[in-house]
Every structure is written in structure tokens, then in C-alpha cells.
Amino acid sequence: VLVESLLVFVVVLAVHGVVWDRFSWCALALALQAFYVQFKWDRLLQLGGAVFQFRGAANSGLLPSSMVIPLLGIVMKERCRAAGIVYFERFGIVVASTGMLLALFLSVLAVGITKPVPTNTCILTGIAGSVIIYTMKHSLAVSEVIEVLEVLLIFVYLSMILLYLLPRCFTPGEALLVLGGVSFVLNQLIKRSLNVIEGRGDPIDFFLLVAVVGVVLLGLFFTVLFTFMDSGTWISSMFFHMMTAVLGLGVIMPWLYRLIQRNPLFWLLQFLFQTQTRLYLLLYWSFLAASACGVVFYQNAKRSSGSKKHQASTVTRKYFHFIVVATYVPGLIYDRQLLYVAAVLCLAVFIFLEYVRYFRIKPFGQTLRHLLSLFLDERDSGPLILTHIYLLLGMSLPVWLFPRACAPKGTLSGAGALVPYSGVLAVGVGDTIASVFGSTMGEIKWPGTKKTFEGTMTAIFAQIIAVALILIFDSSVNLNSSYAWILASVSLVSLLEAYTTQIDNLLLPLYLQILFMA
């Protein structure tokens with residue numbers, strides 16, 4: 001925990017050194033109080049005193065998770081300010097303020113339920129909170145303050161519902177990241193739906209917002225419904241498919257139509273088959289998807305009937321990382337917009353299939369349970385299997401969060417040109433190589449962890465080679481001699497992978513994106 005915290009502090013100080021404004025000082029204050037509160041959360045988890053059931057075999061992860069959204073907002077603000085895009089500069093400020101307020105709420109919650117009340121931590125949290133609220137008071141307009149408070153309100157209600165319905169699926173830090181992100185997306189969708197004439201946004205952005213909110217609402221609806229009826233019967237399964245179609249065609253499609261002012265299905269078909277390059281990419285991705293399904297069926301066929309507890313090895317699970325890298329790299333080079341939309345569709349399909357598996361919807365629910373049980377690891381301790389969804393999110397978030405409006409030529413300068421590749425580098429290359437080489441050839445372990453020195457060093461070396469290959473094959477990338485910063489960023493994130501107990505597929509790409517954008 002101490003080394004993980006030290007690495008996060010280095011990232012915060014690096015961003016602070018580059019930005020050096022009131023918000024970077026607030027991020028520093030937030031990090032200091034989160035460091036102390038993190039130990040209170042860890043103690044609550046060990047004693048079973050937390051309000052909800054969180055994922056075991058991991059610390060609370062409060063510090064690394066608390067800093068992601070504020071730092072993303074700060075670096076986005078700086079990039080858009082440099083580009084002269086005032087609207088997105090203000091948007092970055094709102095993102096940073098929202099992230100800080102959500103992290104403070106989680107800290108106050110931990111301090112409030114800790115007995116006896118930790119006086120020193122209370123004082124530190126109060127000072128940090130006062131600094132942050134004072135800065136927000138003098139930086140945000142009234143409408144922006146209301147927007148931040150709306151996200152906080154959605155987060156509180158969403159957390160109470162989902163953490164109760166899904167025990168042991170998240171650590172407190174992972175809940176902050178995932179539910180905070182969903183809350184922000186929901187608030188943005190409501191805001192843009194109410195101001196559809198003013199919100200002249202890109203249709204693919206609206207597509208992402210509606211898809212995320214749609215699948216979350218779908219899950220909440222069926223969770224409530226199946227508390228009153230058995231989900232494993234044919235009648236329930238037919239009702240599930242029928243209501244999915246009704247909600248999709250009767251709610252989600254009209255909602256998307258209102259936002260993009262055209263038929264969503266026709267727009268999607270026209271978008272997907274607009275050029276010959278897109279057709280080739282779609283055929284190539286279909287082949288890779290079939291290959292991934294083939295790996296699943298082949299590994300299950302190898303499972304003997306007498307070894308029901310047999311689990312896939314680390315190397316076997318990393319096959320999917322290689323397939324994902326092969327999927328994303330051509331999309332990033334040839335057509336990022338298509339990759340953006342395809343990743344949204346894939347996320348919706350993944351979550352829908354998880355609903356089918358979780359609720360045992362016929363005819364595929366039980367089959368999915370059997371097929372996916374082979375690939376479970378210690379992080380899938382709750383009722384949901386989320387690791388494959390986290391892998392998709394880790395690869396896609398740098399593409400979705402890339403500030404296109406603040407990059408006039410479609411790419412940022414310096415290390416920022418590698419922002420869309422953050423997921424590929426951190427998860428697809430770094431995490432994969434570290435796991436494969438560390439588990440097969442690693443001998444020297446980092447103190448206090450199961451990760452090895454050899455795995456981490458090989459991961460750093462592999463990512464540097466990957467950056468060189470990106471420079472060769474992607475002509476839009478121009479690093480402007482920022483090689484030392486790239487090497488330091490890759491090394492920091494690789495060390496964080498060795499020490500964090502949080503979901504690395506989600507955390508590492510976001511930290512690498514923050515450093516590249518800084």
C-alpha cells in the first residue's frame with residue numbers, strides 16, 4: 001500500500017509540476033487526505049465494519065482511484081486551454097471538481113463510520129475539503145456548481161442501489177471509479193437531452209452516452225423484476241427478451257433519435273459501411289471475434305470431466321489480451337471513429353451477455369456460466385464476472401476520453417499523441433508481457449507482492465518497442481523529442497501494475513493517459 005501510494009503521489013506531483021494552478025494544489029491536498037483515509041477504509045474492510053460487502057483480497061484502493069477523475073479533468077483543462085477551446089476548458093474544470101467532490105464524499109463516509117472517530121484524519125479531511133470547496137466557489141459558475149452537485153446526488157443513490165444488489169463486486173476505490181463514471185455519463189445525457197438544440201455534439205458521443213445509460217437502466221429494471229419471479233424459467237426468459245426489445249426500440253432508440261436528429265439504425269448502418277476501409281476492418285474484427293470464441297470453446301473442451309476445479313492459466317487468459325491488441329491497433333491507425341463506435345457496441349453486447357449469464361436466461365444463460373467459469377480469477381468474487389468488461393473498458397476509455405475538439409489536427413502534440421494508445425500500451429502490451437514473463441521466468445519478487453522484477457522490466461522494454469512501432473506505422477504520431485517523459489510515464493505505470501491490488505485493466509490505462517496528456 002505504501003509503495004502504491006508513493007507511485008500515485010509521484011504522478012500527482014508530476015501533473016502539479018506541469019500545471020501549477022489552484023486545481024493542481026487541490027489535487028495535492030486531496031491526495032494527502034486520501035492517503036490517511038485509505039487506512040481507515042482498509043481497517044473497516046478487515047473488521048467487516050463497512051456499510052456494504054466489498055471485494056476481498058484487496059485493499060480499499062481509495063488513493064489511486066480518488067485521483068483519476070480529478071487529474072483527468074485537470075490535464076484536459078490544460079490541453080483545451082492551450083488550444084483555445086473555452087467550452088471544453090470549462091468542461092475539464094467541471095470534471096476535476098466532480099472527481100474531487102466524489103472522493104471527498106467517500107472519505108467523509110469512511111471517517112464517519114469509523115469508531116472511535118479518528119481526530120487527526122477528521123482535521124486533515126476538513127482542511128482538504130475546505131480548500132477544495134473554497135477553490136470551487138471561486139472557479140465555478142452557478143450552473144456548473146449545480147451540475148457537480150447533480151452528479152454527486154446520482155452517485156449517492158446509484159451506490160446505495162448497486163452496492164447492495166452486487167456484493168463483493170467492487171472495492172471502495174473501484175466503486176468510486178465505475179459508479180462515478182456512470183453517474184457523470186447519466187448527468188451529461190440528461191443535460192444534453194434537455195438542451196438538445198444547444199448541444200450540437202458529435203453523434204458518436206451521444207451514441208456512447210445513450211448506450212451506457214441504456215444498459216445500466218436495463219440491468220436495474222431486470223434486477224428489480226427478477227426479485228419477484230424466477231429468472232431461470234422459459235416464461236421469464238421470453239419476457240426478458242421481449243422487454244429488452246421493447247426498452248431498446250421504445251425508449252433507447254427514440255432517445256437517441258432526439259439527440260442526433262436522424263434514425264439511429266440508418267445512421268449506424270451508414271456509418272459502419274461508409275468506406276471500403278471500414279468494411280475491411282469489420283471483416284477483420286469479425287475474424288478476431290471468432291478466434292476469441294474458438295479459444296473459449298477449445299479451452300473448455302480440454303477441461304476433463306474429473307477436474308471441475310480446473311482453471312485457465314495466466315498465459316491462457318492473456319491470449320485475449322493479444323487478440324484485443326490485434327483488434328485495436330489497426331482501428332487506431334486507420335479509423336478511430338469506427339473503433340470508437342465498435343467499442344461502444346461491443347461494451348453493450350458484453351454487458352447484455354453478462355445479464356443473460358447472471359439471470360440464467362434461456363437458452364444461453366447456463367451455457368455462458370459453464371464456459372466463462374474456466375476463466376475466473378480471484379477478482380471475480382462477486383455475482384458478476386467483470387474482468388472481460390474491464391479489459392474492454394481499459395482499452396476503450398483512452399479512445400472515448402480523447403479530447404478530439406482540443407486536437408485540431410486529430411492528434412495532440414508530444415507525448416499526447418500517444419493518448420489513444422494508452423490502453424494498448426498499459427494493458428495490451430505492458431500488463432500482458434509482465435504477467436507472461438513474470439509467471440514463467442520471474443524469480444526476483446518485488447517486496448510484499450507476487451509480481452516479479454523480471455516481469456516489470458520486460459513490460460517496460462516491450463512498451464518502448466511498441467512506441468517505436470507506433471512511430472513507424474502511424475504517421476499522425478509526432479512525439480517532438482518527449483522520449484524521456486514517455487519512458488518515465490511507462491516506468492511509473494508498470495511499477496504501479498506490480499503493486500496495486502485494484503483492477504489493473506481499468507486503472508493503468510487511465511494513469512498512463514493522464515501522464516501522456518500532461
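Even glycines carry a Cβ here, placed using N, Cα and C.
According to TrEMBL:
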{"type": "TRANSMEM", "residues": "7-36", "note": "transmembrane segment"}
{"type": "TRANSMEM", "residues": "87-111", "note": "transmembrane segment"}
{"type": "TRANSMEM", "residues": "117-136", "note": "transmembrane segment"}
{"type": "TRANSMEM", "residues": "148-166", "note": "transmembrane segment"}
{"type": "TRANSMEM", "residues": "206-226", "note": "transmembrane segment"}
{"type": "TRANSMEM", "residues": "238-257", "note": "transmembrane segment"}
{"type": "TRANSMEM", "residues": "277-298", "note": "transmembrane segment"}
{"type": "TRANSMEM", "residues": "340-360", "note": "transmembrane segment"}
{"type": "TRANSMEM", "residues": "381-401", "note": "transmembrane segment"}
{"type": "TRANSMEM", "residues": "421-441", "note": "transmembrane segment"}
{"type": "TRANSMEM", "residues": "453-473", "note": "transmembrane segment"}
{"type": "TRANSMEM", "residues": "485-512", "note": "transmembrane segment"}
Between the stretches 87-111, 117-136, 340-360, 421-441, which wins on the count of C-beta pairs under 8 angstroms to the transmembrane segment (7-36)?
117-136
Flag the pair the transmembrane segment (485-512) / the transmembrane segment (381-401) as in contact if three or more Cβ pairs fall under 8 Å (sequence separation 6 or more).
yes
Highest-contact recorded stretch vs the transmembrane segment (340-360), from 238-257, 277-298, 381-401, CB pairs under 8 Å:
381-401
Please determine whether the transmembrane segment (238-257) and the transmembrane segment (277-298) are in contact (criterion: at least three Cβ-Cβ distances under 8 Å, sequence separation 6 or more).
no
What residues in the same chain, six or more past the boundaries of the transmembrane segment (381-401), come closer than 8 Å to it by Cβ-Cβ distance?
55-57, 72, 76, 166-170, 208, 320-321, 324, 328, 332, 336, 339-340, 343-344, 346-347, 350-351, 354, 357-358, 372, 375, 419-424, 426-428, 503, 505-506, 508-510, 512-513
Quickly jot the same-chain residues contacting the transmembrane segment (148-166) by Cβ under 8 Å, restricted to those at least six beyond its ends, or write none.
51-52, 54, 94, 97-98, 101-102, 105, 136, 140, 175, 179-180, 182-184, 186-187, 220, 223, 382-384
